[in-house]
Structure formats: C-alpha cells, structure tokens
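Features as listed in TrEMBL:
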{"type": "ACT_SITE", "residues": "Lys121", "note": "active site, charge relay system"}
{"type": "ACT_SITE", "residues": "Ser196", "note": "active site, charge relay system"}
{"type": "ACT_SITE", "residues": "Ser220", "note": "active site, acyl-ester intermediate"}
{"type": "COMPBIAS", "residues": "1-11", "note": "compositional bias 'Basic residues'"}
{"type": "COMPBIAS", "residues": "13-27", "note": "compositional bias 'Low complexity'"}
{"type": "COMPBIAS", "residues": "38-50", "note": "compositional bias 'Low complexity'"}
{"type": "DOMAIN", "residues": "68-518", "note": "domain 'Amidase'"}
{"type": "REGION", "residues": "1-50", "note": "region 'Disordered'"}
Amino acid sequence: MVSTTLHHHPPRSLSRFLSTSTTTTKSRSFHSKPTLCSSQPITSSPPQSQIQSIRHSLLSRHVTATQLAESYLTRLKLTEPLLKSFLHVSDQVLNEAQSLDLQIERNENIGPLAGVLVGVKDNICTMDMPSTAGSKVLENYRPPFDATAVKRFKELGAIVVGKTNMDEFGMGSTTEASAFQVTANPWDVSRVPGGSSGGSAAAVSAGQCVVSLGSDTGGSVRQPASFCGVVGLKPTYGRVSRYGLMAYASSLDVIGCFGSSVADAGILLTAISGYDRLDATSSKREVPDYTSQFISTELLDSKPLKGLKIGLIRETLDNGVDIGIKSAVLGAVSHLEELGCTLSEVSLPSFSLGLPAYYILASSESSSNLSRYDGVRYGNQATADELNALYGDSRATGFGPEVKMRILMGTYGLSAGYYDAYYKRAQQVRTLIQKSFKTALDEYDILISPAAPSAAYKIGEKKNDPLAMYAGDIMTVNVNLAGLPALVLPCGFVEGGVASLPVGLQMIGAAFDEEKLLRVGHIFEQTLQGCRFIPPLISDCNAQ
C-alpha cells in the first residue's frame, strides 16, 4: 500500500533546484528571466482577449463579421499547407458571417461570441460536417447532430471554422497517429504540436481561428498548449457535457478549451459549461461567470495574489525533466512570489504511480468503447463472406496501429485471471491519487508543475518508441485520474527550433474551482514581462 501522506517544506526548500551560482541569501529569485525568442522585442504588451476585441469591433461598426472571417480564412489558407491543422474547413463560414452582419445592420441583439471563429477537434460531433476522430473507420462520417458543447457556443453566435486534426481516437501525444496527416508546430514546422489535440492547439497558435475545442483524457489539451505556446484549460470532470464527444476512456474524457489568452479560454468555458440531461455524468452545479475574474491590470495592487498558498509538486522537477523546463518553471515560481503568493514544495508520493495506472485504465475503457466500431453498428464496413470476418476485416482496415495496440492492452488487462492484477489494482491506485490531491488542495489553493517534461520535439523522434512517448504524459495524467481542473499557460522559453520553443506552466485546482485557476492565470499572464508568445510563422504570414 502506498502512503498518501503529504510532505510539506518551507519555501526556501525550492532552492534545491537551483545552481550554486544563484543561491544567495539576499535574493529569493528562482531563475534568470525566461529566454526570449530572437524575433521578440524586449518590451511587449500582455495578450488581450480576442473575443472581447471582436465583440467591441463589431458593435462599434469598426469592422464587419465578414471582414473578420475573411482575415482568418486568408491566414488559414497561407499557413495550412505548412501546418496541416485542419482535416476539414467549413464552406459556410462567410455565409454565417454575412448573416451576422445583417443582424447588426438591423440593430438586433447578437450573442457574446458573435463572429468568433472556433476550431473543433474531429472527435467532437458537428452536424453536416465530417467527424472522423482522425480514423479511417469513420472516414466521411457526418453526424446528424451537434455535440452539446458545439450547440452551446453556436447559440451564442460563434462560427465553426472547421475540424482539427488529432491522434486517432485521442490515442497519442504528437498528432502523428492521425490516419490522414501529420500536423506541424507553428514555432518550428519540423516539430510536433503535441497531442492528441495537436490540430486545435496549432490552429490557435497560428491564428487560424480565435479559439478551439479539444478533448483531454490524459493531457491532450494541456501538453499541446505547452508545445504550441497557447492557453489550454481542462475543466473538472462533469463541468462540460460529453454528449457528442466520441468516447475513448469515459471516466477520464473531458472537453477542454484553447485560447491565445486566459480570458479567451475562460469565456469559451463559460459558454459550454453546465448540466446536460443528455450526459448522465454532467454536474448540476451552478456555473459561475468566469469572465468576472479577468480584472484589468490597472486595477491590481502591487501584490494582487497576496495570501494565496501555492504548492510546487516536488516529483515534477526530478530526474527526467529537461533543465530548460526546470528553469522556466522556477522563473514562474519567482514571478508568483513577486505577486504575493506563498510557495512551498509539496510531495505527492503516489504521483509516479499515475502513469502506469492511467494506461491500464484508459486502455481497458477504450477496448470496451471502441468495440462498437464493427462495421455494422458504427464504422465503415469491409466486404466479407461471413459475420466474424466482417467484424475482423472492418476493424483491421479501419483502425491504425496505435489504436489496435491499446485495444489489445486493454482487453488483456480486463481478461479473466488478469483483472485483479491490472485493472483492479489500477483503480486502487486511482483512489490513492485522488486522496493525495485532496489532502494537498485542502492545504494549498493551487498546485503547480511543468505541463510536460520537455518542449516540442522533432516529428518522428518518438514515433517508434511508444514508451518514451507515454512517459511524456507523466505531468498530466494524474489530474485526469483525480477528475480535477487544470490550466496550462506559457511561462517562458527554451532554446531550440527556428528561434525558441515555448514552455507551459500547469496550475491544478480543487474540483469545480476553475474560477480560482482563471483568476491566478490571468494575473500571472498579464504581469509576465519580456515574453511574447507569437510564433515566427505568424510574423512571416503578416509580412506577406
């Protein structure tokens, strides 16, 4: 039995991560300032809400929805041959924008998301638009309905720009496991954007859409957000309806949000959250107005986060984490202290057990969920002479190698004679992890860690080494096992790529406490100096 006891250390214990040249008694600074991209000016304004800016521009008649849509579609057309973020681009974007312009001309009320172009991950159903989950087994499938999350933001005036690329059924960390194409990272097109929501993250990073939806089963929103230098928000399990999300691991799956600012991610979350009678796991808890947390920097005092207790998870900065990642995260720690937070180390002894437990549970659930794709109930049908051959051939030709491997792993773990040794034991570990997080979050307001142990790596670098790729999920899977909310936002850079590569900081909150995460994340983002998280690809595109 693994102990769930938490070990707390005073803030000065963080100095164990520092080189001897920085350990002085005078300064509490944990690092040098984040490495700046060579294409970035030293002075730069913090990211602003594009959603709020679009609304102001439309209502003031400074720009039309059609002009905005044309601007995004032009950038998409220029960058898509390099990035391959989208599997499908809607041909109705301009028509919907023109309809919105007519509403504005008639002085009709428009929704809070009017004119906002949203990318939707391809495992989230969209009516009359392909929804393939990145798999050949669902190629050309067009759902007759919208997922609840999509329906909600469309009712508020947003426009679906298209369906973004992903690892097949969400099984992967690089978007290389898509059955259709490999997406590139806007910061360096020779590198992966992360996964499985790599298309959604790359699209926001490259300015191909304003915000996007992804899904997060073990970090599939947060890790791509870190790799692509955008904000990624994984809500509490049950906060957002899963109706219309193609199931991978039902007890872990959540729909999450990408934005270029914390405010945009929070506004999108406000739009899609809430109880849904079509999803028995959705929560009936009241959804707060997350936009109330986005305070102007002019209204902040010198220590806006004074009194906030933050725990840095010790196990996330141990061996296996790149030195540049440690430096950037410790820089974020220093910045949080400057904002008034009290920081301490916290040890979660069961943290390292999360990765094996996650892969057993997720694979087991996927072996059950994906059994429906047999060519009869769901999925493209192979030609065969008898039923068993039809089942086998439909799955053999429809599923890719990563999906097949996880189905086999999950079926093995659930089989007679092995259930207790694997699945049952993994569920017991999950309970330990949940208790460990609860104990920590009873004492701390927020826990922090890197979002990934490295920055974006080269395309193909880990494709033939699945264990190395799985190990990259160590920072994120525990949050899914505990069902907690987490926010990833850019906090610095490491050397690499065309210029530099972004690093993401993960903030973990108590269940249904997204408000606190958004408040802290917004203040952190708006007060971070010397970092401008705009990839060189966008600068090149704007120059054309």
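Each residue, glycine too, has its Cβ placed from N, Cα and C.
Feature map: TrEMBL annotations on the structure.
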| residue | record | Cβ within 10 Å |
| --- | --- | --- |
| Lys121 | active site, charge relay system | 33 |
| Ser196 | active site, charge relay system | 34 |
| Ser220 | active site, acyl-ester intermediate | 36 |
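For the residue listed as 'active site, acyl-ester intermediate' paired with Lys121 (active site, charge relay system), the C-alpha to C-alpha distance reads 11 Å. Across the structure, Ser196 (active site, charge relay system) and Lys121 (active site, charge relay system) are spaced 9 Å apart at their Cα atoms. A mean pLDDT of 97 is what the model gives for the domain 'Amidase' (68-518).
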